[in-house]
Amino acid sequence: MRVLIKNGTVVNADGQAKQDLLIESAIVRQLGNNISPQLPYEEIDATGCYVFPGGVDVHTHFNIDVGIARSCDDFFTGTRAAACGGTTTIIDHMGFGPNGCRLRHQLEVYRGYAAHKAVIDYSFHGVIQHINHAILDEIPMMVEEGLSSFKLYLTYQYKLNDDEVLQALRRLHESGALTTVHPENDAAIASKRAEFIAAGLTAPRYHALSRPLECEAEAIARMINLAQIAGNAPLYIVHLSNGLGLDYLRLARANHQPVWVETCPQYLLLDERSYDTEDGMKFILSPPLRNVREQDKLWCGISDGAIDVVATDHCTFSMAQRLQISKGDFSRCPNGLPGVENRMQLLFSSGVMTGRITPERFVELTSAMPARLFGLWPQKGLLAPGSDGDVVIIDPRQSQQIQHRHLHDNADYSPWEGFTCQGAIVRTLSRGETIFCDGTFTGKAGRGRFLRRKPFVPPVL
């Protein structure tokens, strides 16, 4: 199969040019002007549009069981939504397994979840929910099998203590893996939450008040120091929501420490006032939404390069699930927001079209740096000969209002309802195959491939 994309502006992280792009047998074969491929081929006219590498979302939670509920997006509906939003690769954070299980247990479970459902290419982050000799011995074998990143939690049921974190950091570093972490101070959160519950303060706004930004920032600072103690182990902070944590990361970078950080559209564009609305329960996520001042600090990090990745933390529970389980109590509500379909459009509209970032920086945040950090470069995150033919075409002339009824996930609401975006996803290609075109999903379940990722190699800081 040959596909020729003509008349568009092809953008990579290191530059852009108005040129044609030829994909053949799922791979980018040529970029240039006046390409004349051998017949037969499909021609796509991208006049007036940007031609970007397909998005790489390195933080999703599909089909996750959080104990009180299972998320309503599986690997079909979740990756379908991703495809319709211009994302062609996801790396899913696997949920916790049974108490005491091996690392491999969850990999086998999740490969079963995705095998016949994923629309786009996918991989997984390992999850370390306890530490013992068997777990530490298993890590190098998992890296050899293509899982080169693992997640630790400093909160929730399977949080690790500092000694366990140090052991994990050392072994992951030795094994060629990147440590990712959910950083919140569990003890401080538990104390604040107990105070509010005892006082009968259980409305959604108290979710945010029970998890102040200092809980997140303290845990970030602690992880930075533990990573240094563990031999300058590489560290990746997920879903940053505040400026103080970003300050700590800037300081670590200034000291040449290998640390990277992601944020998410919700922390850039939504704020804590959402909790005081009639449907405030639908904005329960952790870390919580912050105030506009923290948003501005994150946008500074987006603009000046301090933030490396924009992912989604897509973790969808329906409003019916939320209301039935929580009964109005924030502490009982399952956490998470949908967003995998909206990431690329929201960042393009609020970043590129407002002049906050360049199209090249957009590529760096949404595909190139995620691919480099997580062992997929240059197969993903790049439009160059030899790379996969993963493409998203965005028309900056079109304006769209986000409406849940037009989205493709399995949620029954969107936190972005009514947002107007300048720029529309008009086509998504995965390995040269059109899987979304002009509002219509054209992919199929099971066409996505499991990606064996390369061991971690740090990008130049």
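Glycine is no exception: its Cβ is also placed from the backbone N, Cα and C atoms.
Quantities reported herein were computed from a predicted structural model and do not represent experimental measurements.
Record check: Swiss-Prot places TYR156, ASN335 at the substrate site, and the matching candidate among SER210, SER274, SER286, SER387 is SER286. Sequence-distant neighbours of HIS239 (divalent metal cation 2 binding site) (same chain, 6+ residues apart, CB-CB distance under 8 A): HIS59, HIS182, GLU262, THR263, CYS264, TYR267, PRO287, ALA311, ASP313.
Here the Cα atom of LYS151 (divalent metal cation 1 binding site) is found 16 Å from that of SER286 (substrate binding site). Taking the Cα atom of each, TYR156 (substrate binding site) and HIS61 (divalent metal cation 1 binding site) are about 16 angstrom apart. Comparing Cβ neighbour counts within 10 Å across the binding-site residues SER286, ASN335, the minimum falls on ASN335. In the structure shown, the C-beta of HIS59 has more C-beta neighbours within 10 angstroms than that of any other entry among the binding-site residues HIS59, HIS61, LYS151, HIS182. Counting every protein chain shown, the number of other Cβ atoms lying within 10 Å of the Cβ of TYR156 (substrate binding site) is 16. The record gives TYR156, SER286, ASN335 for substrate. Within 8 Å of the mean position of their Cβ atoms, the other Cβ atoms in that chain belong to THR155, HIS182, GLU184, LEU285, GLY336. Between the CA atoms of HIS61 (divalent metal cation 1 binding site) and ASN335 (substrate binding site) there is a gap of 11 Å, rounded to the nearest whole number.
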